[in-house]
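Please read the structure below before turning to the comments.
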Amino acid sequence: MVSVTRAVFGDLPSGAGTVEKFQLQSDLLKVDIISWGCTITALEAKDRQGRASDVVLGFAELEGYLQKQPYFGAVVGRVANRIAKGTFTLDGKEYKLAINNGPNSLHGGIRGFDKVLWTPEVLSNGVQFSRVSPDGEEGYPGELKVWVTYTLDGGELKINYRAQASQTTPVNLTNHSYFNLAGQGSPNIYDHEVTIDADAFLPVDETLIPTGEVAPVQGTAFDLRKPVELGKHLQEFHINGFDHNFCLKGSKEKHFCARVHHAGSGRVLEVYTTQPGIQFYTGNFLDGTLKGKSGAVYPKHSGFCLETQNWPDAVHQPNFPPVLLRPGEEYDHTTWLKFSVA
């Protein structure tokens, strides 16, 4: 059985609306999601002793989400990840997007889907959020109708994304939760064992834009096909962390893509998706300046993201899976986050 409760989370400044919180609870998981950015603000999962801890980074109050912060728990779009130089050409016309990450456009621009109020609808086992992104929002062409649905079943949180466009536009939606399976506020993720089921990854330039090469993981730091303990692995390969797209054996059916195990607590997170890629990010840009839940600060490498997605900068790479949504088509993808203990 899943219970769904609804409460006020806070009011936006200058009468811009009320943000609500929806709590989904099963016997194994408790998830809090707010209507601002469809944001997961808390996710409590049990350890092997049956003790529940909140395993996502974030804030207890709305104010935290309204400040400059790194997309904690939010849905990002219209296009997740980076678009080189914030421009693309479609049917002979050049579109200019907001530049908000070095020379590039990141996660939908200055005011992406993470920074807007969505319309909620309570379901028997979850909540559906919807909004209409107007033509020209953040520079993107066409009106886009979007639905994001969270449903809970035992230890599995399912996220479904749907969209319909009035004219051809790139679309790539994902959730940007930062996890720490030891419990949010734990200092780092070095004792987490990570597996990603990918034979290839996308090398990037100094601004984190894919070079266009699809490189085999074999013999590199990116070979995560067997479990690696993150801290030891970063040391062994002398790397600062991960912020890369792993190329999945892309079928449009549900497929396993990643597993993270925290031996100390026994918590396991498995990710399944219908998408062709997953961005593994190890919180390299966290710097301890944000004050999170229960007074926690979030230093570098204190959380990880597993963002199921289309490949980044696909608008410029004809050999990448297509990212354009045309009128009459439907964008539809699903990701499953499955929590258990081992």
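For all residues, glycine too, the Cβ spot is worked out from N, Cα and C.
In TrEMBL this protein carries:
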BINDING   ASN81, ARG82, HIS176, SER177, TYR178, ASP243  beta-D-galactose binding site
ACT_SITE  HIS176  active site, proton donor
ACT_SITE  GLU307  active site, proton acceptor
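Location within the structure of each feature annotated in TrEMBL.
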{"residue": "ASN81", "record": "beta-D-galactose binding site", "Cβ contacts under 8 Å, 6 or more apart": "LEU106, HIS107, ASN172, THR174, ASN245, GLN279, GLU307, GLN309, PRO312, ASP313"}
{"residue": "ARG82", "record": "beta-D-galactose binding site", "Cβ contacts under 8 Å, 6 or more apart": "ASN101, ASN104, SER105, LEU106, THR207, LEU208, ILE209, PRO312, ASP313"}
{"residue": "HIS176", "record": "beta-D-galactose binding site", "Cβ contacts under 8 Å, 6 or more apart": "PRO70, TYR71, PHE72, GLY73, ALA74, VAL75, VAL76, ALA80, HIS107, ASP114, CYS305, GLU307"}
{"residue": "SER177", "record": "beta-D-galactose binding site", "Cβ contacts under 8 Å, 6 or more apart": "ILE40, LEU43, VAL56, LEU57, PHE72, GLY73, CYS305"}
{"residue": "TYR178", "record": "beta-D-galactose binding site", "Cβ contacts under 8 Å, 6 or more apart": "VAL56, LEU57, GLY58, PRO70, PHE72, GLY73, GLY283, LEU286, TYR298, SER302, GLY303, PHE304, CYS305"}
{"residue": "ASP243", "record": "beta-D-galactose binding site", "Cβ contacts under 8 Å, 6 or more apart": "VAL204, LEU208, GLN279, PHE280, TYR281, THR282, ASN284"}
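The record assigns ASN81, ARG82, HIS176, SER177, TYR178, ASP243 to the beta-D-galactose binding site, and the maximum Cα to Cα distance across that set is 18 Å. Around the Cβ of the residue listed as 'active site, proton acceptor', 26 further Cβ atoms fall within 10 Å across all displayed protein chains.
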